[in-house]
Amino acid sequence: MKTAIIFLTSLFMVTALNAQPHKKRPLSGRPPDMVYVPAGLYRPFMQQGDKSGRVQLQAFYMDDHAVTNQEFLAFIKANPKWAKSKIPGLLADQNYLEQWSGDYQIGNPAICNSPVTNVCWYAAAAYAKWRGKSLPTLDQWEYALSFPPVGLPKNRSVTRYILDWYSNPTPEHLAAVKTGYQNDLGIYDLVGSIWEWVDDFNSVVESGDSRSQGSLEKSLFCAAGSQSAIDKSDYASFMRFAFRNSLKAKYTVRNLGFRCVKNIN
Amino acid sequence: MKKTVKFAFILLSLIGVYCMFWGCSNNKADKQDQLETLQGAYTARLGVAPLAPPSISQYKTPQKVIVNLLVTEKQMQLANGVQYTFWTFNGTVPGPMIRVHQGDEVEVHLSNSPNSTMPHNIDFHAATGPGGGAEASATAPGHTSVFGFRALKPGLFIYHCAMAPVGMHIANGMYGLILVEPKEGLPKVDKEFYMVQGEVYTDGKFGDTGLQHFNLQKALDEKPDYVVFNGSVGALMGDNAFHAKVGETVRIFFGNAGPSLTSSFHVIGEIFDRVYLEGGQMINRDVQTTLVPVGGAVITEFTCKVPGYYSIVDHSIFRAFNKGAIGQLEITGAENKDIYSGKIKDEPYIETQSK
Ligand SMILES: [Cu+2]
């Protein structure tokens with residue numbers, strides 16, 4: 001209950017902050033299947049930003065759904081060097097697109113409209129670039145999640161929703177996009193179906209070297225404490241950060257996909 | 001009076017000299033920690049609870065011991081009619097028991113099933129190094145991590161997943177025991193059993209049927225509805241009880257994974273002959289109940305003398321009878337009326353007049 005209160009309080013704060021004057025939602029120029037995310041302040045799970053712990057974010061557009069197998073297939077057809085048999089081992093591990101039957105075939109109509117998973121960070125970033133977009137930063141992604149959910153029972157916090165998601169076995173086929181969790185901006189499935197790549201998922205991308213010894217990593221392991229986390233009972237956030245931290249850019253995971261954002265100048 | 005002072009002074013200096021020597025010899029012992037060369041390698045035979053793995057009989061020199069662990073997340077029975085999504089090492093709660101010798105190098109191959117939702121890792125309390133291996137073994141779904149550590153100290157140790165949020169990974173079943181035998185091995189006994197206590201925090205109350213979800217608030221409050229031995233209510237009861245015969249010696253490897261509650265480990269109707277306190281080298285004798293901290297373990301030994309059913313409990317007794325922390329040992333064999341008579345008489349009680 002306490003968690004729920006803390007969580008709702010923080011939601012309220014974000015909402016209140018968002019209520020501050022910001023650029024009105026532009027009526028034109030919104031790319032198809034993307035949602036306008038207004039500028040605002042958000043409080044990251046891990047301590048950073050100014051003294052108040054808040055980070056100012058500019059407005060941006062975010063895909064309203066995770067990239068699907070079908071959509072990713074179009075990318076592969078246009079950019080064959082990212083096909084299963086062609087991608088170098090340096091860029092993707094051997095489970096890359098393992099759910100597909102061939103280089104240019106999904107082979108399973110049931111998953112065409114489901115999120116594409118088993119994609120490495122490199123391929124996800126290449127897809128985003130091909131679409132004239134980019135991968136969301138960690139802050140952008142978490143900020144988008146901080147908007148209130150639609151249609152959750154009153155006594156069910158987002159944290160709660162996420163914890164319940166984890167305690168159900170992974171389904172054989174992932175559900176089609178836009179059938180699950182929705183927030184009040186109109187963004188679907190940020191949680192409840194898959195994990196999603198973010199641009200700066202950990203520092204490994206920059207260094208290309210072995211695991212960093214940064215404070216984030218330390219805060220995620222036993223005995224190192226979790227002093228930098230703002231809400232230590234926000235287990236759902238801990239899990240997302242732990243998950244991201246276990247990744248390397250070439251990794252592919254059965255329940256890890258992505259969506260794109262487009263920054264507004 | 002002066003004499004006494006002088007005597008005390010001499011005594012003190014003697015103690016001082018003794019301490020110096022003791023310190024010296026202790027330093028020597030530390031230097032002898034220099035690692036022996038490993039001779040050969042083998043893959044560990046793991047013990048699936050409630051059975052402990054056998055000791056390797058022909059042990060001579062330290063070896064490399066390969067331990068293969070696979071993390072799976074799966075629904076299992078928590079109690080009659082109650083399901084729970086456990087996170088497991090090798091598909092069981094507790095995970096397998098590992099048995100090595102002091103000086104061995106343990107090479108851990110930790111795989112995380114592609115179907116896992118979570119990254120996982122492993123922290124060996126038997127390891128000396130950052131996080132007990134937690135950092136080195138962080139493993140995304142569908143990957144395998146390899147790392148090694150030298151088993152420097154003998155004893156019985158917990159291992160557990162330490163991925164954030166740690167408490168949830170432990171409560172969901174990610175723990176087990178590793179025994180580091182002294183070079184000469186543990187004395188032989190007739191029966192060895194393996195059990196670990198753990199708490200499960202569910203939305204529903206004890207016994208509420210169906211699939212139960214992890215309840216974060218109960219976990220933060222440290223108020224579990226289930227405190228169980230070996231992963232489920234009844235895992236050591238009835239057909240699953242431990243068995244031994246009159247005259248046999250029994251050794252129980254007991255761990256407490258927590259994540260919150262200290263255990264008062266007790267076998268109703270037995271007195272432990274020997275207790276390796278906290279799983280270490282100090283042995284206490286003739287013990288009724290031994291305290292096992294969270295993230296700790298104990299080795300207890302006793303001799304079976306009288307046949308019957310014996311309950312194994314956390315003597316915080318509501319946990320035993322209302323939350324699941326109870327198991328059974330069935331001892332079969334000949335009665336010994338000299339040790340235990342059983343009921344000899346039952347007759348009406350007549351109040352003597354005190355008017
Ligand atoms: Cu784990």
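One-based numbering along the chain as shown.
Every residue, even glycine, has its Cβ placed from backbone N, Cα and C.
Whatever TrEMBL says is automated annotation, not expert-curated.
If you check TrEMBL, you get these features:
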type    : residues                                                             : note
DOMAIN  : B:71-184                                                             : domain 'Plastocyanin-like'
BINDING : B:HIS120, B:HIS125, B:HIS160, B:CYS161, B:HIS169, B:MET174, B:HIS315 : Cu cation binding site
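Known features from TrEMBL, placed on the structure.
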| residue | record | Cβ within 10 Å |
| --- | --- | --- |
| B:HIS120 | Cu cation binding site | 29 |
| B:HIS125 | Cu cation binding site | 19 |
| B:HIS160 | Cu cation binding site | 30 |
| B:CYS161 | Cu cation binding site | 27 |
| B:HIS169 | Cu cation binding site | 26 |
| B:MET174 | Cu cation binding site | 30 |
| B:HIS315 | Cu cation binding site | 17 |
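The DSSP breakdown of the domain 'Plastocyanin-like' (B:71-184), given as helix, strand and coil counts, is 10 helix, 57 strand, 47 coil. Mean pLDDT of the predicted structure over the domain 'Plastocyanin-like' (B:71-184): 95. Listed binding-site residues: B:HIS125, B:HIS160, B:HIS169, B:HIS315. Those with a CB atom under 6 Å from ligand 1: B:HIS169.
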